[in-house]
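Undergrad: Can you keep this structure in mind? I'll have questions shortly.
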């Protein structure tokens, strides 16, 4: 009996233990801090060493590689292969400083969102609700892991491709113009190292910020699941008094209002980022598919372009999937209300519930300035657009070869 009692007490204590929402993204926050875009603790950017580190990181790595690659692009505008071989990675590299600026501009709000998500109102109430949200947390981990895998595979293969390429000596991984001769030592080795560190830093910055945005949407979807469960079980005719029911319904309304406020602030943070991402993603997928047709089959470059196309596809899919989940889970609120024991509610509470029901009829849709909704339908449209770019470039290249 004593053992059973101890187990029961331990189980109840575990159920009452606070759920740490930030635990899921703790590694992601750490990476953001390492690349200089997430000040420690609750701090913001100011006149300190971390801000100096961020500025040095931006100027020496991000801005410099973007300048050298853009210069090469402008000097080779008439060369189709050189243009497509540069712009497909240059577009994604340009997004890193833009995303970093968006993070910098909204840092105070983002830190507040991290505090809000761990507040009492957003906590799962019991073990059942924890089990309801766990698949959503696991989905985020799996998709982000796939994103990391394809991006690092692309980097690894592309960085190694010059080593195995015997056709050209002193070839750099990325096409870029430099104001000095890169085909002599040690200029070649130092430039190679700079490209490796710069592009790796940019890629990690992109992955981390994209994963953070997906996490915010994942949190919103999980909160709708918790609210749905609260609505299904907010009234027990045999136990609850009128005052208790009114208080629980009031809490549900307040929870819904705070979820919408959280979603509005999150959407405000990534509005421009999503618009830029969808535009660049369609072009980059199409260009990387075109590059597959102009490099030797099954070479390290060939496999790197496959990894790159998959990485960008997962990147766009991540946005669309969790945005789509928000819409689907928010549509379940009216059904959750009807699944409760509402028939035996007092008339006054029924009237308040009807008002709340009307408010939940419109599903929540995340978007980029209302132009593109984060949905699986949008993801399919982006893939179709990418295929159109690929088909156009393929046709232009074939005509060029035939004319020669």
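Backbone N, Cα and C atoms are what each Cβ position is placed from, and that goes for glycine too.
Heads up, here are the entries from TrEMBL:
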- 58-78: transmembrane segment (TRANSMEM)
- 84-104: transmembrane segment (TRANSMEM)
- 146-164: transmembrane segment (TRANSMEM)
- 192-216: transmembrane segment (TRANSMEM)
- 278-299: transmembrane segment (TRANSMEM)
- 305-322: transmembrane segment (TRANSMEM)
Undergrad: The transmembrane segment (58-78) vs the transmembrane segment (305-322): three or more C-beta pairs under 8 Å (separation of 6 or more)?
TA: no
Undergrad: Give the nonlocal contacts of the transmembrane segment (84-104) in its own chain as ranges (CB under 8 Å, at least six residues past its ends).
TA: 32, 37-38, 45, 58, 62-63, 65-66, 69-70, 72-73, 76, 110, 174-176, 199, 202, 205-206, 209-210, 269-270, 272-273, 276-277, 280, 283-284, 287-288, 290-291, 294, 308, 312, 393
Undergrad: For the transmembrane segment (305-322), give me same-chain residues lying six or more residues beyond its boundaries with a C-beta closer than 8 angstroms to one of its C-beta atoms, as numbers and ranges.
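TA: Tertiary neighbours of the transmembrane segment (305-322) are 88-89, 92, 139-140, 143-144, 146-147, 150-151, 153-154, 157-158, 206, 210-211, 213-214, 217-218, 221, 274, 277-278, 281, 284-285, 288-289, 291-292, 295, 374-376, 378-379, 382-383.
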